[in-house]
Amino acid sequence: PKMKEDSCLQAALLCLGMLCYSHALSTGLMNQSRPSLHGHREKGKEGQVLHRSKRGWVWNQFFVIEEYTGPDPVLVGRLHSDIDSGDGNIKYILSGEGAGIIFVIDDKSGNIHATKTLDREERAQYTLTAQAVDRNTNRPLEPPSEFIVKVQDINDNPPEFLHENYHANVPERSNVGTSVIQVTASDADDPTYGNSAKLVYSILEGQPYFSVEAQTGIIRTALPNMDREAKEEYHVVIQAKDMGGHMGGLSGTTKVTITLTDVNDNPPKFPQSVYQMSVSEAAVPGEKVGTVKAKDPDIGENGLVAYSIIDGDGMDMFEITTDYETQEGVVKLKKTLDYETKKSYSLKVEAANVHIDPKFISNGPFKDTVTVKIAVEDADEPPVFLKPGYIFEVQENAASGTVVGKVHAKDPDAANSAIRYSIDRHTDLERYFVINAEDGNIKTIKALDREEIAWHNISVFAVEAHKQHQEAKVPVSIKVVDVNDNAPKFAAAYEAFVCENARSNQQFITISADDKDDSANGPRFIFSLPPEIIHNPNFTLRDNRDNTASVLVRREGFSRQKQDLYLLPIVISDGGLPPLSSTNTLTIRVCGCDSSGSLLSCNAEAFVLNAGLSTGALIAILACIVILLVIVVLFVTLKRQKKEPLIVFEEEDVRENIITYDDEGGGEEDTEAFDIATLQNPDGINGFIPRKDIKPEYQYMPRPGLRPAPNSVDVDDFINTRIQEADNDPTAPPYDSIQIYGYEGRGSVAGSLSSLESATTDSDLDYDYLQNWGPRFKKLADLYGSKDTFDDDS
């Protein structure tokens, strides 16, 4: 049945299109024309004969139905010229958009057919050009003319929503008709033709909670007092149907997820009427005792609950805070407890909503109360200091053992045990202080310097004498009071410059001072010159009375040639009691300046040169120096060339050159000039070690029995006696000693080259192997080679 209905609909639309086309031809709207050769005359207003052209071409817009699926091509229309006599001599040509592909023309009859199925949503119209030409000569008989083929729309596109799924929120308990969201669908069909694009909205799922406006697609609430706590999320299906919602129209659907947002329509409630808690008397203020919680089914800020204590004998001892993450009321200790004084407390706690909606105030009150009972437990408490912290003062440079202050703690238990004190050494690493363990007196161990450390922050422990596991700790701040023990000094390393042409009383530098002491012992600073130079002829000092001073020139006419540097002592005194002072030296350099006072040069030598010589003289001196240097270089070069021989013989060896050194030894008594131990044979280390003579410090006395008799004429006895005395006298020069240089190292392939141990005859040694040692040993090979080799060379 559906296929039959679609076929009937397409046939009806086709007939409708053909009817429109025929009507267009009959009304003569195809009005594009060219002048015809045949015409008739018409009189004008003044008798003028007017010629009206006869219309040769008759055109109009052609229409063709989209999505035509018939077996034959669709006839779009027919082109005909009035000069066509039907003899077939005229040929119709079609060009333009889709010509020959979508639209074809019968060149004899002029009939235009559509060969393909058209889609208006892809293209709504086509512009074509027709022309009539002579079939034999292709001569144009009519000028080209354009016409339009419009695609007639049919309902072939269903409505489509912008989104496949929508999400919307609406407050719970909203009034009926509250707007939730608007959904929009679109139809690709022609909205100007028929009802193909006329949409109507309806709800398929989601009733009876929601409804939709048929024309606008706005979804509204349909039931009152919808409760989020009962159901939070709803799923709604909306349909959009074209053809005005009538039968045969196409439709599309979308899903809308609607969430009820929360409002504060439920008060908080405690699940129980009484809470039991306990806390030790040793608990410190701020410690958590317990929690209470009221339940509120609302969420977000609508479910926020604030807790407060409204009554009870523990209002001064306890407090309650709200944990907004867990929605709990946290009961905390506000003051220290004493089990011996009071053993239990009672509180009345209230839980109330933070944000209340006035529209639902009738559902109130939005609060609830509960009773909290707290029991105090006995505990062994640590010592308690009388103060939460101590601040003491002590003068700097105070003698060791000076009392700084006293701390005091007591045992809160009934036993009231004795207390012992100690300093936390992590807070007094330098050990400046010591505390009396019995009474808590703090004293200094060494002198304190405020300029080094102005405040000392230490911690003192207190423990029971017999129970040292319980301890208390208190901070102690010790201020070091300043004493005027630092004299003022220059604030910086000043170096002043004064011009040679400086005027009298001209200021050329401003100085300031710095004092390490506190402000009470520092400024105001007083600047002055020492009494011995108070009448300094060159410079004077002016105290500006603002902790600065200005140095001025007393006279005119400074000269770098006479003196380029001045040292000015300045005395600086502070305002302490008693005042301290120091003498600081200001270095003043004399410099050359231009007329505006800008520095040019502070170098005295440069000044002398510039003052005594002109620029031309300096250039002449430099030129002379350069000429002299060139002459010296040429002379040295020529002298070296004369010393060099014209021919260098290859047989000469540079190793045969004699090099003379003008070094002189220390004489016969010099035995320490060279250490020849490295040349000694290591094989003799364990045996005889050659003696190194030194001059003895004692005087040798010859033995009496060795002296010759007086007036002895036996010369032989006299000489022997003197030799024996010389041999036995260590003090007699020249302290002879023998050094052996025979050792030349172990493992030498060449052996010893010394001639001391060589044989006396040439036949004992063979030096032929020297020929194989290369050119460096060629000279030795020629001198010590075999006789045959020598003869061959000769």
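Every residue gets a Cβ built from N, Cα and C, even glycine.
Quick look at what TrEMBL annotates:
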- 81-161: domain 'Cadherin' (DOMAIN)
- 162-270: domain 'Cadherin' (DOMAIN)
- 271-385: domain 'Cadherin' (DOMAIN)
- 386-490: domain 'Cadherin' (DOMAIN)
- 490-607: domain 'Cadherin' (DOMAIN)
- 617-638: transmembrane segment (TRANSMEM)
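Mean pLDDT across the domain 'Cadherin' (81-161) comes to 83 in this model.
Secondary structure by DSSP for the domain 'Cadherin' (386-490): 3 helix, 47 strand, 55 coil. Assigned with DSSP, the residues of the domain 'Cadherin' (162-270) fall into helix, strand and coil as follows: 3 helix, 47 strand, 59 coil.
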